[in-house]
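In what follows, a structure is listed as structure tokens, so that the remarks can point back to it.
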Amino acid sequence: MANITNEFMGHDMLAPFTAGWQSDMEPLVIEKSKGSYVYDINGKKYLDTLSGLWCATLGGSETRLVEAANKQLNTLPFYHSFWNRTTKPSLDLAKELLNMFTANKMAKVFFTNSGSEANDTQVKLVWYYNNALGRPQKKKIIARAKAYHGSTYISAGLSGLPPMHQKFDLPPPFVLHTECPHYWAYHLPGETEEEFSTRLANNLESLILNEGPETVAAFIAEPVLGAAGVILPPATYFDKVQAILRKHDILFIADEVVCGFGRLGTMFGSDKYNIKPDLVSVAKALSSGYMPIAAVLVSQKISSVILSESNKIGAFCHGFTYSGHPVACAVALEALKIYKERNITEVVNKISQKFQEGLKAFADSPIIGEIRGTGLALSTEFVDNKSPNDPFPYEWAVGTYFGAQCAKYGMLVSSTGDHVNMAPPFTLSLEELDELIRIYGKALKDTEKRVEELKSQKK
């Protein structure tokens, strides 16, 4: 196939998370997928180590999901879920999700189209709940620095990433941020993980007390911070946080958008870290990314109040045209069926040890500060002198260079600043894992050489 060049330069999309100057460059246009690989319009093959955007867990050619979509399209391509009208796939999926999530008993499911919409909905539910209880002042939401919760007005405000706030008048005044629980980056000299967790928990409680517990409605957290760089909770962190939330009658929203459905080696991140949330957001792997769908799981404590209040005022007036879209629900049902049939957590645990150990073997590199991860999620953080306090100059774009070298050798990663995320599909074979580790090593060697050159130029 002849190379297709320049055709899409200056294209018509206002592309997400992309700078304006990039539209003057040829975009990477992906044309097809097969298993753990994607192919661009020139036929070049890439090992997709981020599962698209943390979502294509079953790879790019799971025929059962395609067949589920086709069957539903030929039966009922669309119907809504307003006014007590709905479809069987949405009812079946709601039941299946309630059965699957066992960390804390959930009672109702509300469908959205993305994790962003799910987290946006969570805040509306929390407000509705407190208004119904006669606590209109209890509205503030606490999120964490570096967290990613989505891109809608509310979910972007919850996200603790300053670039997502710039020029958007975010975060809104009802959103508060507490510290990121990244032990390697932020612990004090001599401080153990548990002592670090205690300090962060105490600071969280101080924030609550300073604001007034009667004004704080909920705390939202990813079990493992994904986009921030696969930041694992330090020892006893969630135990301490949950005790404080219970003490002050503050709801816990678990954002399982990245962690849910096996990514960490447990069905949900809440299972791994003994989190007992009041509300849960799921998306991404819910359909293995084959259809846009997300869901909000609501505990009995909250759903009973919402339903009772809706009877008083006439209706629960929140929803989307595509809430519970029958095709998306049919695909999600089939994905969940596959996870159960294939014992997907066992699959992840079988391959994740080699994935984690194979990449962490590069941790001695002079340009790597930390390689961290669990299950099939891992992040590499590039720093100078192996210190979190010694980042490379921004203009060196070390992480971006590493990502470009990976692409050159036929592998796609996510490069954000100087950390690089990987979350491969669960279909990854041992041979493909060997290829992943090999390309990582080649790209790292190139990047080390590049950093040496930049340092010599700086002298």
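Using the three backbone atoms N, Cα and C, a Cβ is placed for every residue, glycine included.
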Segment assigned the feature coiled coil in Swiss-Prot (from 364-395, 428-459): 428-459
Binding-site annotation, Swiss-Prot, pyridoxal 5'-phosphate: partner of GLY115, SER116, PHE320, THR321 in ASP48, ASP169, ASP249, ASP255: ASP255
LYS284 (N6-(pyridoxal phosphate)lysine) and ASP255 (pyridoxal 5'-phosphate binding site), distance between Cα atoms, whole Å: 12
LYS284 (N6-(pyridoxal phosphate)lysine) and PHE320 (pyridoxal 5'-phosphate binding site), Cα-Cα, nearest whole angstrom: 18
Within 10 angstroms of LYS284 (N6-(pyridoxal phosphate)lysine), Cα basis - binding-site residues out of GLY115, SER116, THR321: GLY115
Site diameter for pyridoxal 5'-phosphate, Å, by largest Cα distance between GLY115, SER116, ASP255, PHE320, THR321: 23
GLY115 (pyridoxal 5'-phosphate binding site) CB neighbourhood, other CB atoms within 10 A: 29
